[in-house]
Each structure stands twice: as C-alpha cells, then as structure tokens.
Amino acid sequence: MSFDISQFPVLAQANTPDELRQLPQAVLPQLADELRGFLLKSVGKSSGHFASGLGTVELTVALHYVYNTPFDRLVWDVGHQAYPHKILTGRRERMHTIRQKGGVHPFPWREESEYDTFSVGHSGTSISAALAMAVAAEKEQAGRKVVAVIGDGAMTGGMVFEAMNHAGDLHNDMLVVLNDNEMSISENVGALNNHLAQLMSGRFYTTIRESSKKVLKGMPVIKEMAKRTEEHLKGMVVPGTLFEELGFNYIGPIDGHDVDALVETMRNMRNLSGPQVLHIMTKKGRGYEPAEKDPIGWHAVPKFDPSTFEKPAAKPSDPTFSEVFGKWLCDIAEKDEKVLGITPAMREGSGMVEFSQRFPKQYFDAAIAEQHAVTLGAGFACEGYKPVVAIYSTFLQRGYDQMIHDVALQRLPVLFAIDRGGIVGADGPTHQGAFDLSFMRIVPNMVIMAPSDENECRQMLYTGYCYNDGPTAVRYPRGSATGAKQVETMTAMPIGKGLIKRQGKKIAILNFGTLLASSLTAAEALDATVADMRFVKPLDVELVKQLAESHDMLVTVEENAIMGGAGSGILELLQTLKLPKPVLLIGLPDEFIKHGAPDEIISELGLDATGIQKQIEDFIA
C-alpha cells in the first residue's frame, strides 16, 4: 500500500536528505506541513508511535537541512519521535509497514539505514553515544558534526547527566538538542527568546566571547567576574544554568515549530566549538487536535481514520494483566496504607492510573530512572513499608545491580510486579521481555512467580505482599489475560509449590507462565502430563522428583530465553537429585527477537500448541 504522493508536492521532492538540502529554505514550512500530513496518513494505516513524531516535524526538517547527514552523525534518544526522520531518509514508501513483521523497524536501527547511526529503544543513551562519535571525529580529523536529540522526559535519567558531565570535561564539539514537549523546564517561548538564541549563537557574539576569554586569560579575577556577569544576564531570560555548570554552552529556549528559526540557529551553532545545548519547545501531537489535547492517550495508536478525530473503540476483551495488577494494587491499598506503588514513568502502561488518583500519597513516579526506582523501594522496605515496584521486564534490566545489591543482598521485602514479560511484539528487540527469568533466577534470596492466568496473577501478587523474608517477583505478559474467572478472595500460596493440571503418560510438560493453555492442548494430542509449576524459584523439588521418576522424559515450556531460564533450573535440579532424564527445553532462542505481531512471533518460534507438539514429536522421533 502506498499513498498518492502528488498530494504532497514538496515532500515528493525530498525522499532523501540530499534532495531536501536542494530545496530553497522558503518552502520548508510547506514541507513541514506536508510531512505532518503524510505522517498522519501513514500511521493511521499502520498503527505506531504517533504524538511524539508530530511534535518533531520541524526539528527533523531543520536538522537534515543544516547538517550533512549521514556524514554528520544524528543520534536520536529512544526513537519514538523519529518517524519523520524515517520518512525523510528513504523509507517513505514503506512507512505503512512500520512495526509489522518484516516491515520498517519501530525505532532507529543501524541495520536498516545508514542515517540511523545508533540503534535505540531505551531512553538516555543518545548523549553517551554522541560523545563517543564526537571524540572519534576529532581523532580522525574528519570534520564531522555530531548531534544528539533528547526529550525532557529522558533528561530525568542519571545516565544523561553522567554523559553530560563527561562531555563538559572532554569539551569536544557536539550539539545536544533538548526537545522539551511538556513545558517541564521552561515556558519562556516567544519572539524574544528566538531572537536571543540566534543572537547568542551568531558569529559576532561568539567571536566577542572567545576573544574576551583570550584577553582575560591573564586576569583571572576579571575573567571570573565577566563569566558570572554573562551567566547572570543569560539566566535572567533562559534556564540554562544547569547546562552551563556542566560545561555546555546553552542556547534557547526557542520555538521548535518555527522551522526558519531552527535553521538559522542551527546554522550559527554548527561551527561553534565545544559542547552545546539547544533547548527547543515543542508540542506533542502538534497539528492534530485530539493528540494535542491528549498526548499520552495518542502516544501510540492502533490503525485509525485521521478524518474522524477519534481512535477506534476498543473491542470488548478480557482485562489485561496490567489491569489485573492495577485492581489488585487498589484492593490491597484499601486495607493497608503502608502499601506503596512505585513506577519509573510507566503509570499508564503498568495499570496504575486509578491507584495514583485514589491513593496519591502512596504513589511514587520515579521518572525515567529505573535504578532510583528500585533503590527507592529498598529504602521504603527498610522503614517497614510494603513497596511494590511496577516495571516492564525490559526496563528492569537497567535496575539489575540495584535489585542485587540494594534489595536481595539485604533480604528486603520488595515486590516486583514485572509487566511485559515474554514477547511484546511490535516494539521489537529492545522491548521483548526475554531475559528476566534468567537474570533473576541467579540472584540469591529471590522468589520468582510466573502466573498461568489472571487469577493466579492476583493470588501471586498477594503472596508476594505477604512474604517478608526477601524480595519477590511476579512476572506476567503484555495484553489481554486468558479469561479465567478471578477469585476476589486473596490467599497466599505455599512458596515453591506447583500443581498437576493434567495426568498423562510417559511425557511430562512442566509449564512456566501463560503458555499453559497451549501446553494443555499439545498434551491432549500426546497424552502427556502437564504441571503448572507457578514458581520459577524456588522450584517444587518434590513435584519435579515425582514427575522425573514416573515419566520417560520431561519438557519445560516458558516464554523466556532458554539459556539460564526456568528449564535450565530443572536441569540443574535433576543433576542435584542425580536423576538422569531426557529433557527438552522449549522457550526463546539465543537471539534478539524481531518485531511483529505477538501471535505471529509465538507461532514462528514454535510456542503455540502446534509448535510445542511438533517440537516434542521431533525430539522423540
């Protein structure tokens, strides 16, 4: 499916940055309007991240117009905002395939385009990568410019300030564009600031500034006074003190939707020496009224018709696991005011909106700072509170040392509610929850649970809440639950105990998590026994011993990496028990799982009922 590009006459002339740079500057505002219109149509047909890209249209046009990409390096942070970049870098005709199996990657991806200089998906990485590229450019005397684009949300992460502190010390030439789309840093936007930014980045100002440094070099007292005077004058109209203290020259804030102002300011800044910050103010969802009014709700969208100004109504479905968690958290908070909910900027995705509204004093959004979120939970546990850290599997990777050093080592009763465990689908390899069972299983003092349905999830969360001898983790997938009837009464499970769900012969399938229904279907065809193991750690030693002694072979099934996962734990236990037994491990292969619809990926990996049955039959053939 392709669009009639004649609707976008200027965009039709700019399929690559080289073509874009041939256009007269006078047509750039029209190009921005057409690019925004094309983005509306393409995402409406394909689904994807939406509001962020609408807010970076003018910025993207200006960056590729002023900088000689891909020779000059452009590094995007996270990548939600990079759809306009993809459209302008040769992928326009394939944008309708974004996030689909075999289609355009959802984030900037090195393997996909030479314009994607750094593969991204998690926040806070851009400045570190850009700094290294700037150092390399200086070592090679390449004359290459380097730009990092980062949002104000990502600026809350500690890695960002580590990188800026280092960049200020090294003093290599680089530009950091701070895309402020929440007005969380400054509201000083207007003609005065646009003019000031162009003036302060212009040749006259910078020449005077550098010449004064040389003249005052031998007069340190006067030099320090001049520096403080300059910072004071800039500080009266711009909020750049923090960046200046880190060693950056700060310009802005300016209107991020004025493409001419962006072009002129970037032209001035392109040849400035040392690290620079350009602070721009943008509106998430710009140009599409529903997204402007509700940028969070329109952050990522399914397929929709832009002309209706409405997202399609959600189809009736079973509650999601995130909603099951959110309801449980509210239910338990009603009874215990010492329950605290912590999230690293994932309130909506983790199902915590209602909790945050009903229990604001028990709710803590740690921002995009996973390390801090985990240790915050540890500190609360020290003071007798019951912290629940709600976090995506892929983002828990960023707080792993804190889980070990600050939580498990001290046996602190922190409950980790781990969302997006297993295959998440369209967001691809940066977001698949493939490794959590493996990296948690090796941590002493951890109790790890994997529910097979929403009722088990609710009971396991309560089990973790009741457990006081160390940290617990309940790991569940993205999306709708199984339709199991939820039992409102909460009962703590016996730690480390599984259940036989089907009695068969010869083959025993040990299932961990929500692939239980597929395991049961496969077992019907094979007349196999099925155990819902429930606990990844500690394992049910008695149950495993019983199954090993009464069956010819064991099969483990999990939606986690085979290497180091629950199946590996079964093998280790059998060795300890001195019970040699053929074991087939079914799970995720030793590779990064690409993007696509979850059902497609599950089927391709042989994790549906048909695939599980076939893998077992092939193993015993």
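Numbers here mean position along the shown chain, with the first residue as 1.
Backbone N, Cα and C define each Cβ position, glycine as well.
Annotated features in Swiss-Prot:
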- His80, Gly121, His122, Ser123, Gly153, Ala154, Asn181, Tyr288, Glu370: thiamine diphosphate binding site (BINDING)
- Asp152, Asn181: Mg(2+) binding site (BINDING)
Residue among the binding-site residues His80, His122 whose Cβ has the most other Cβ atoms within 10 Å: His80
Number of other Cβ atoms within 10 Å of the Cβ of Glu370 (thiamine diphosphate binding site) across all protein chains: 29
Pairwise Cα distance for Asn181 (thiamine diphosphate binding site)/Asp152 (Mg(2+) binding site) [Å, integer]: 7
C-beta crowding around Gly153 (thiamine diphosphate binding site), within 10 angstroms: 21
Longest CA-CA distance among His80, Gly121, His122, Ser123, Gly153, Ala154, Asn181, Tyr288, Glu370, per record bound to thiamine diphosphate, angstrom: 32
Three-state secondary structure, Glu370 (thiamine diphosphate binding site) (per DSSP): helix
Cβ-based isolation winner (fewest other Cβ atoms within 10 Å) among the binding-site residues Asp152, Asn181: Asp152
Cα distance (Å, whole number) from Asp152 (Mg(2+) binding site) to Glu370 (thiamine diphosphate binding site): 16
Gly153 (thiamine diphosphate binding site) in three-state DSSP notation: coil
Between Asp152 (Mg(2+) binding site) and His80 (thiamine diphosphate binding site): CA-CA distance (Å): 13
Secondary structure at His122 (thiamine diphosphate binding site), reduced by DSSP to three states: coil
